[in-house]
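Pulled from Swiss-Prot, these are the features on record:
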ACT_SITE  GLU80  active site
ACT_SITE  CYS143  active site
ACT_SITE  HIS165  active site
Amino acid sequence: MKKVLITAFEPFDGERINPSWEAVSRLHNRLIGGAEIVAKRLPCAFGTSLEVLYATIDAVKPDLVIAVGQAGGRADMSIERVAINVDDARIPDNAGAQPIDEPVLSGGPAALFSTLPIKALVAGIREAGIPASVSQTAGTFVCNHVMYGLLHYLRRRKARGGFIHIPYLPEQAINHPGAPSMALATVILALEMAVSISLAVEEDMRLAGGATH
């Protein structure tokens, strides 16, 4: 049976919860698309997030890895296209580290691209009535750090991988006036679809998903 590893993060930046873990934890031990789901919470810390991720990949030996993170202020399921080889933290991580203009991987490529069928994910999630789009930036905080590290680690492995950013949950958005949110049940459904589509689609669709700015 195939295995799918889905990761999420602990709360950070003063939040009581992280919507990524609230959603991903509910998928643990589920069967989706004929595959067993393994959920893992990562520390929101540059120094240890990849250590935990790599150890989990080695233990689980997944066929597919989807990392999920919070993007407060975004309104939809943001399917990330690319990770860049830069850590530039606007705020300290949960361990107090705040790297500025440092590489994720010294000597590594400037960027690494998701190996998920990102256009098919957007199309499928939208078809279910859930807002989704291709995102051209995963930021320069721990989410981008994990996405870059993940894609680098999978280069010599058969597994596919990528990153999805999700909005605040409503209970978070009330503390951020004007910020969009998405219900937990909707996020969970979208992630279920992301797993199913990623397992089923080998060659991505050719659909416009770029940005003008």
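Backbone N, Cα and C define each Cβ position, glycine as well.
The structure, with features from Swiss-Prot marked on it.
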residue: GLU80; record: active site; Cβ neighbours (10 Å): 25
residue: CYS143; record: active site; Cβ neighbours (10 Å): 25
residue: HIS165; record: active site; Cβ neighbours (10 Å): 23
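Reported as a whole number, the C-alpha separation between HIS165 (active site) and GLU80 (active site) equals 7 Å. Rounded to a whole number, the distance between the Cα atoms of CYS143 (active site) and GLU80 (active site) is 10 Å.
DSSP assigns CYS143 (active site) to a helix.
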